[in-house]
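**Student:** According to TrEMBL, the feature domain 'NAD(P)H-quinone oxidoreductase subunit 2 N-terminal' maps to 1-99. The domain 'NADH:quinone oxidoreductase/Mrp antiporter transmembrane' annotation in TrEMBL covers 128-426. The transmembrane segment annotation in TrEMBL covers 6-29, 41-61, 81-101, 108-125, 131-151, 163-185, 205-226, 278-299, 306-325, 337-357, 410-431, 467-490 (among others).
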């Protein structure tokens, strides 16, 4: 009865999550009661639950921050915007998987269940207000990520990548919990975030060596989820080895959104008294990620592996916003660029999924001459890559400009000096791919493109992948021009 009363009185704060749970129950019921799986209904229920969750979240946007479920969950504009971003990622990723699942003859219901459950775990993680809820939500997201990664169990490379992901993910979670245990002990047995801070003040342990151990342990655990160098070893193998490319697209954005929300709240609330220390730690990780991510990406021959290293450099840019970290500028620049990154990255992956389905290859060299066979896909991929590189007037340029400007205002001169320089380097390997896409020399065009099954004039969407591609490409090109309202909303985010 106690649990029922908690849900009755505090259920409004997790209404978007409750809608997702209802969608999961409906999917299970259809799977259990229907002999022949009604595929359109499965996708319809999944997308409807996600869209309804987004709608409810937007309608409740201006509500006052509340702490519910005996202090376990906090509702504020800050975590609402991250919950919205996770829902947006999931909504865009489902259309990417429709044709892929059909061609690969994969089980549909289980795939959608894992994806929605991962989204649910990520949303709870964004609003979790105590150490136990944070860990449970994080593991819910992580376990679904492992299951999605190993979804094609007959693929040897996918199994190998999933095993690496599972072992390293388990190790990073253990290190994260070790850091939490230090916070629990030093604060006198508190688990709520603000109560942990009060406990550290009461016990006079906020400047003790144990806090430094906790800080390093938690940074390592979160660094793994963010793919920060040197905790990135799993990322290239998982991106390249995991067979379902839509899964890679989903993980590439949702893991970063959820982990960024967690990092921001933990560092800014619990480690308030150690701000110089965690600023220094994140600065070092951001510099390493920007430099190594971009330099190693130049040498890659696989498109997905190149995007893995590119994502490391992108998260290095986002860290600038976390370090800058005041509610009016730093966090606003981080949220704005993360929104742009979702569209840029998913747009790129939409092109890769479509090309992979039609050719069966992921090699960068095999994209040569794609423009001659499929102008729409080639043009879309070029725009998304240019936006990732920060070419004006695309969204990526304005996002990076605002991010670097906020970093400069916060005095992060070294990061802001390295960031634009490494961004220019990234343009080199993006342009190298675009040059291959646009070539018309018959000698350079590979058999994969020569036998390409796409239509030469496919400017009208014929499937769900192209629909997602259109949405992402449109956002990647136009959002930067109209970014003032986005910045205003992002500046309104407070803890």
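A Cβ is built for glycine as well, from the same backbone N, Cα and C atoms used for every other residue.
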**Student:** Within the domain 'NAD(P)H-quinone oxidoreductase subunit 2 N-terminal' (1-99), count helix residues (DSSP H, G, I), strand residues (E, B) and coil residues, in that order.
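**Tutor:** Summed over the domain 'NAD(P)H-quinone oxidoreductase subunit 2 N-terminal' (1-99), the classes give 76 helix, 6 strand, 17 coil.
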**Student:** State the residues, same chain only, that lie 6 or more residues beyond the ends of the transmembrane segment (337-357) and have a CB under 8 A from a CB inside it; answer 'none' if no residue qualifies.
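**Tutor:** Answer is 85, 88-89, 92-93, 96, 99-100, 103, 245-246, 248-249, 252-253, 256-257, 260, 303-304, 307, 311, 314, 317-318, 321, 367, 370, 377, 380-381, 383-385, 387-388, 395-396, 398-400, 402-403, 454, 465-466, 468-469, 471-473, 475-476, 479-480, 486.
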**Student:** Determine which residues of the chain contact the transmembrane segment (278-299) at the Cβ level, with the cut-off under 8 Å and only residues 6 or more beyond its ends counted.
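**Tutor:** Contacts with the transmembrane segment (278-299): 215-216, 219, 223, 227-230, 232, 267, 271, 306, 309-317, 319-320, 322-323, 412, 414-415, 418-419, 422, 425-426, 428-429.
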**Student:** Do any residues of this chain, six or more beyond the ends of the transmembrane segment (163-185), have a C-beta under 8 angstroms from a C-beta of it, and if so which?
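**Tutor:** Residues 131, 134-135, 138-139, 142, 145-146, 149-150, 191, 196, 200, 210-211, 213-218, 220-225, 231, 233-234, 237-238, 270.
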**Student:** Count, for each of 131-151, 306-325, 467-490, the Cβ pairs lying under 8 Å from the transmembrane segment (81-101), and report the range with the highest count.
**Tutor:** 467-490
**Student:** Using a Cβ-Cβ cut-off of under 8 Å, list the residues of the same chain that are 6+ residues beyond the ends of the transmembrane segment (467-490) and lie near it.
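**Tutor:** Here the qualifying positions are 81, 92-93, 95-96, 331-333, 335-336, 339-340, 343-344, 346-347, 350-351, 354, 377, 380, 383-384, 387, 393-399, 402, 461.
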**Student:** On the 0 to 100 pLDDT scale, where does the domain 'NAD(P)H-quinone oxidoreductase subunit 2 N-terminal' (1-99) sit on average?
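**Tutor:** Across the residues of the domain 'NAD(P)H-quinone oxidoreductase subunit 2 N-terminal' (1-99) the model's pLDDT averages 80 on the 0 to 100 scale.
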